[in-house]
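Participant: Per Swiss-Prot, the feature active site maps to D101, D103, D235; the stated evidence is sequence analysis. The Zn(2+) binding site feature in Swiss-Prot is assigned to C116, C119, C128, D131.
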Amino acid sequence: MGTFTLHQGQSNLIKSFFRNYYLNAELGLPNDMELREFALQPFGSDTYIRHLSFSSSEELRDYLVNRNLPLHLFYSSARYQLPSARDMEEKAWMGSDLLFDIDADHICKLRSIRFCPVCGNAITSEKCERDNVETLEYVEMTSECIKRGLEEARNLVEILEDDFGLKPKVYFSGNRGFHVQVDCYGDCALLDSDERKEIAEYVMGVGVPSYPGGSESAPGWVGRKNRGINGVTIDGQVTIDVKRLIRIPNSLHGKSGLIVKEVTNLDDFEFNEALSPFTGYTIFLPYISIETEVLSRNIKLNRGVPIKIESSIGIYLHLKNLGEVKAYVR
């Protein structure tokens, strides 16, 4: 099968955008980073580089910029005595933060298109027989769907604060949803997978009875049920996993070019170009003709017709497989 390589991170221009970002980025690193495993997916690779350990932000920055530029960048929710050990038992687990993952595409039905990047035809299979290349898929992420994900995050925060007395932090994932994280120490950090499963099922509303006739302002599930909240849509496997990798706050998501960003005020969050660090303009060459919503804007593309567009939008479109960024214009 032919290989079509000018997409997702294989462009040298996209790499230069990412490298310039990481030269000065203030990554949100834990204060015990020497106990965390770091991992990344480099440009041009489908596999992860794991079992990395760093003792300072400067050491990490040097590695990212000069050795392995990341398309995706993570650290472990777990703390380890030897985070760089390749054997998981040898790492010696010391406890983990508590994680929740909300994917907007699990909440909404999103429009998706599979197409050939050479001829531009819509194709349902993974290969275009005519051009002998792999097809690409584009999934449209709408602001309305992101809003629904944000509402799930709001409900989750309420449960964790009111019912468990925890102090969760909410992060935009950089692509299609939200991560909710509780920095855990002591007993919280030592919760095993079964105990975390109980928490996951609780916030999802598993086994919670109905409370007909209750007050909407009542505390706990009585009030939630009477406000129409039956549970939070999370990926339970993320919460159960005590050795999960977390996207590093203020890193870039390799499928969008957007920043993994803490949302300190849920009421102020907007899914728009402000989530991108990139300025100036790009020349973008579309693979297909399409009208689509991009970061809360309606964008019209014509196959093979280059357009000058904001870098935030052009890089997003490139990483979403809709075409190529051909040039940067200040």
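Cβ from N, Cα, C; glycine included.
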Participant: How long is the line from the C-alpha of D235 (active site) to the C-alpha of D101 (active site), rounded to the nearest angstrom?
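Facilitator: Rounded to a whole number, the Cα-Cα distance is 6 Å.
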Participant: Roughly how many Å separate the Cα of C116 (Zn(2+) binding site) from that of D103 (active site), to the nearest whole number?
Facilitator: 27
Participant: Write down the Cα-Cα distance for D101 (active site) and C128 (Zn(2+) binding site), rounded and given in Å.
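Facilitator: Just about 35 Å between their Cα atoms.
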Participant: Cβ atoms within 10 Å, counted per site: which of D103, D131, D235 has the most, among these recorded positions?
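Facilitator: Of the recorded positions D103, D131, D235, the highest Cβ count within 10 Å belongs to D103.
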Participant: Please report the three-state DSSP label of C119 (Zn(2+) binding site).
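Facilitator: Once the DSSP labels are grouped into three classes, C119 (Zn(2+) binding site) ends up as coil.
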Participant: When you measure from the Cβ of D101 (active site), which residues in the chain that are at least 6 apart have a Cβ under 8 Å away?
Facilitator: S173, G177, F178, H179, V180, I234, D235, V238, T239
Participant: Take the mean position of the Cβ atoms of C116, C119, C128, D131, the recorded Zn(2+) site. Which other residues of that chain put their Cβ within 8 Å of it?
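Facilitator: After dropping the recorded site residues, what remains is P117, V118, G120, N121, I123, R130, V133, T135.
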Participant: So for C116 (Zn(2+) binding site), how many other CB atoms are inside 10 Å of its CB?
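Facilitator: Here the count is 23.
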